[in-house]
Amino acid sequence: MSRSYNDELQFLEKINKNCWRIRKGFVPNMQVEGVFYVNDALEKLMFEELRNACRGGGVGGFLPAMKQIGNVAALPGIVHRSIGLPDVHSGYGFAIGNMAAFDMNDPEAVVSPGGVGFDINCGVRLLRTNLDESDVQPVKEQLAQAMFDHIPVGVGSKGVIPMNAKDLEEALEMGVDWSLREGYAWAEDKEHCEEYGRMLQADPNKVSARAKKRGLPQLGTLGAGNHYAEIQVVDEIFNEYAAKKMGIDHKGQVCVMIHSGSRGLGHQVATDALVAMEKAMKRDKIIVNDRQLACARIASPEGQDYLKGMAAAGNYAWVNRSSMTFLTRQAFAKVFNTTPDDLDLHVIYDVSHNIAKVEQHVVDGKERTLLVHRKGSTRAFPPHHPLIAVDYQLTGQPVLIGGTMGTCSYVLTGTEQGMTETFGTTCHGAGRALSRAKSRRNLDFQDVLDKLADMGIAIRVASPKLVMEEAPESYKNVTDVVNTCHDAGISKKAIKLRPIAVIKG
């Protein structure tokens, strides 16, 4: 029996201007409460989605994000609370922008592939240059074309980095270390990657032959969907000290942002795990509210296999972003007739926003070892945290927030408050407001492309018909999302970037 919208509201309570609480009882079996972070505009979207679902509009597709946050709060072994970030929107199992942590010492605690997502280690990398907007504007079209030529883009795109089956096995195990050994990365790139670009628990044997077959031709490719490479310029600096540590010292400085993941390989790892876990759930009698939340006990063979396979897919994604960095450096060097070194094309940072990792956190005054699921959310560790690079010890970890075609992107830094409230986690981007199908119905791709041209943005797209899905109108406002995190104190704004060229799948 479904409740009316007004009945649902009894379980929701505004804690402060940026945060709502979801009380136990909102969905069955909640072990902990839920929370979600919003501002007024984002709050309206969340409640509209719930109201539509109560009217019977919840058929087809996913549950509303609030319900999904509640269902995650009912998973065995969850601690503290189930958390929705400001860019939260409904997804498979977990909402995208929902994070949750599970107690590694609780034998009942689970790992859920739906809490990581299909594009394992989808993430963002930001490169800086010593170029200025005035250097790039005259050759903007050439540069966009050079990047489009160098980086294979689009749905079935194939890589240009030579790779055989043995290379793939090594890349799955070694991550950025493989790129370094093969000459596709610089030594200092590794320092500026989350996990230093390599998850040590990776086991290529836990990645199926089918997944490897899908992954082999796709290394160093951008893929379609919301993936992109953008040439951006610094539009605003909010924190000069943090920006300087990142090598950003003035407005108009040119950067490159790469947003990509583990392509077909990660998708297959997730699919394989979901099949195995359905069986494990029957065997171990694990009850969940939504069958998309298929999961397995962390210590079970299925749980361990998934974590090892997921880590390997994560390593693949880091190799992928490293390969595209290599190709970007080549494209820039070619257009400016110099070397990548002379252009100061260094990696500022590389973050993941679809991953599960073992971390130490303080819960109720005690340090605990947790399996932290971040899906559509980004790690944002505070200053002095042992897991962040030496360069950023005083600023906090850089957090890269990608906008959508034609909108701004941001660099944030992690905070102590985020550590206590959200397990050191913040938003990851804009978050969808319209489904892909709706975007295709409501928007015309030529209009979207014309609008970008009017904004002076050079664009290269492999599949123009997919452009509407990624149009800014399809998304929440990234500035709303970032400001909500900033006002809530879970991350702080450092730099704002605006695009001058977009390369898309």
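Cβ coordinates are placed from backbone N, Cα and C, and glycine is handled just like the others.
Taken straight from Swiss-Prot:
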type: BINDING; residues: ASP119, CYS122, HIS227; note: Mn(2+) 1 binding site
type: BINDING; residues: CYS122, HIS259, HIS353; note: Mn(2+) 2 binding site
type: BINDING; residues: 226-230, 353-354, 402-405, SER409, 428-431, LYS504; note: GMP binding site
type: MOD_RES; residues: SER300; note: phosphoserine
type: ACT_SITE; residues: HIS428; note: active site, GMP-histidine intermediate
type: CROSSLNK; residues: LYS496; note: SUMO2 cross-link
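Taking the features listed in Swiss-Prot, we show where each one sits on the structure.
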residue : record                : CB count, 10 Å
ASP119  : Mn(2+) 1 binding site : 26
CYS122  : Mn(2+) 1 binding site : 27
ASN226  : GMP binding site      : 24
HIS227  : Mn(2+) 1 binding site : 24
ALA229  : GMP binding site      : 29
HIS259  : Mn(2+) 2 binding site : 28
SER300  : phosphoserine         : 20
HIS353  : Mn(2+) 2 binding site : 33
ASN354  : GMP binding site      : 29
LYS496  : SUMO2 cross-link      : 21
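In this structure, the CA atom of HIS428 (GMP binding site) is 6 Å away from the CA atom of HIS353 (Mn(2+) 2 binding site). Comparing the Cα of ASN354 (GMP binding site) with the Cα of every entry in ASP119, HIS259, SER300, these being the recorded positions, the smallest distance points to ASP119. Every protein chain shown contributes to the tally, and the Cβ of HIS428 (GMP binding site) ends up with 29 other Cβ atoms within 10 Å. Excluding CYS122, HIS259, HIS353 themselves, the residues of that chain whose CB lies within 8 A of the CB mean position for the Mn(2+) 2 site are, in sequence, ASP119, ASN121, GLY123, VAL124, ASN226, HIS227, SER260, GLY261, SER352, ASN354, GLY402, HIS428, GLY429.
Remark: THR404 (GMP binding site) has ASN226, GLY429, ALA430, GLU470, ALA471, PRO472, SER474, TYR475, VAL478 as non-local neighbours, by Cβ distance under 8 Å and separation of at least 6 in sequence. Counting every protein chain shown, the Cβ of GLY431 (GMP binding site) has 25 other Cβ atoms within 10 Å. When the recorded positions SER300, GLY431, LYS496 are compared by Cα distance to ASP119 (Mn(2+) 1 binding site), the shortest distance belongs to GLY431. In terms of Cα distance, none of the recorded positions chosen from SER300, HIS353, GLY431, LYS496 sits within 10 Å of HIS227 (Mn(2+) 1 binding site).
Within 10 Å of the Cα of CYS122 (Mn(2+) 1 binding site), the following recorded positions from the list HIS259, SER300, HIS353 place their own Cα: HIS259, HIS353. Of HIS259, SER300, HIS353, LYS496, all annotated as recorded positions, the residue with the shortest Cα distance to GLY431 (GMP binding site) is HIS353.
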